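In what follows, a structure is listed as structure tokens, so that the remarks can point back to it.
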């Protein structure tokens with residue numbers, strides 16, 4: 001009985017996300033028609049340009065990779081009762097740590113890349129530990145601290161690049177091939193695209209998150225503390241330790257995202273006038289994916305395809321890329337406002353009732 005109800009609830013969550021996607025795409029179509037564009041042509045160009053050719057498919061996967069990791073970072077925090085809005089800053093320090101290791105350490109191939117990725121992840125974890133520590137020990141809300149640390153990360157990165165990693169330049173030298181996550185085999189398989197090994201890291205972290213949260217004692221404690229700190233403390237769990245650990249693991253994912261993006265896509269770091277937006281997009285990815293590893297992967301695929309295909313849509317259909325950003329916002333609006341929730345709940349309430357009646361018979 002419990003398994004049936006759980007399956008119905010999961011299907012209901014999936015249906016809510018799916019309806020929100022359709023409604024968001026519909027909002028985009030209405031905007032296009034109002035501006036004199038053909039939405040059918042535009043969406044056809046968007047998905048065709050993102051998926052049909054090997055090169056474009058590889059570039060779409062490259063775009064998806066950091067979204068999976070930042071989405072996991074936000075989702076894990078949500079699952080453990082925290083709101084890590086500092087993923088953007090943790091992404092930036094992950095990039096910074098990775099480029100420092102890439103440029104300053106002379107290590108053999110493979111080992112160099114592994115150490116650089118680990119450095120990026122640890123940098124993100126340590127950066128996230130600060131709001132976690134302050135929340136656990138002083139009761140300071142993690143949203144306030146992590147927002148401020150985003151700005152510190154951005155400006156610290158810019159200072160480090162200009163004053164230490166370069167001599168007054170706006171960008172660092174390219175990292176050596178020994179630290180790169182690009183491999184010729186993958187690139188050639190996808191038509192010379194910039195796809196890299198970071199996608200396997202992202203998928204591995206999704207599996208790790210699932211195993212950690214739902215298959216281990218630590219994961220149970222993390223979720224329990226997030227759900228009810230007082231009851232968890234009464235049961236003998238260390239609330240402070242679990243809050244800090246949750247933020248650090250979340251920051252680890254974000255740091256991995258920054259490291260993989262730098263080592264696999266850019267190959268260098270540069271002065272940034274504004275945030276990359278990848279960390280903030282992770283919030284949207286996690287919300288649409290219902291804070292589950294599989295949901296995060298699927299929503300990352302959607303957002304990645306829309307992002308890459310939206311750029312090509314400008315050239316093939318003449319539709320401004322800003323329309324895609326409106327679609328993103330509309331999808332999240334429908335998810336957050338639960339616009340489709342009542343209809344979905346009504347449908348699945350009837351299904352649940354039929355299941356119960358069948359089992360009673």
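All positions are counted from 1 along the displayed chain.
Every residue gets a Cβ built from N, Cα and C, even glycine.
The shown structure was predicted, so the numbers you read here are calculated from the model rather than taken from an experiment.
Per TrEMBL, the feature transmembrane segment maps to 12-37, 57-78, 85-103, 109-130, 142-161, 195-214, 243-260, 266-287, 294-311, 323-348.
Scored on C-beta pairs under 8 angstroms, the neighbour of the transmembrane segment (266-287) with the top count among 57-78, 142-161, 195-214, 243-260 is 57-78. Using a cut-off of 8 Å between Cβ atoms, the transmembrane segment (195-214) and the transmembrane segment (85-103) share fewer than three residue pairs, counting only pairs 6 or more apart in sequence. If you look at the transmembrane segment (109-130), the same-chain residues 6 or more away from its ends with a CB under 8 A from one of its CBs are 84, 86, 89-91, 93-98, 100-102, 145-146, 149, 153, 175-181, 197, 201, 244, 247-260, 262-263.
Note: the stretches the transmembrane segment (57-78) and the transmembrane segment (243-260) are in contact (3+ CB pairs below 8 A, sequence gap of 6 or more).
Long-range neighbours of the transmembrane segment (142-161) within the same chain, counting only residues 6 or more positions beyond its ends whose Cβ lies under 8 Å from a Cβ of the stretch, are 82-86, 88-90, 92-93, 95-96, 100, 127-128, 130-132, 134-135, 169-172, 247, 269-272, 274-275, 279.
Listed as Cβ neighbours of the transmembrane segment (243-260) (distance under 8 Å, sequence separation of 6 or more from its ends, same chain) are residues 65-66, 69-70, 72-74, 76-77, 80-82, 84, 86-87, 90-98, 116-117, 119-129, 131-133, 135-136, 142, 181, 196-198, 201-202, 205, 209, 212, 218, 222, 225-226, 278-279, 282. Within the chain carrying the transmembrane segment (85-103), a Cβ under 8 angstroms from the stretch's Cβ atoms is held by residues 66, 70, 73-74, 112, 115-117, 119-125, 127-128, 131, 142-143, 145-147, 149-154, 156-157, 160, 165, 172-173, 175-176, 179, 250-251, 254-259, 261-263, 268-269, 272, 275-280, 282-283, all 6 or more beyond its ends.
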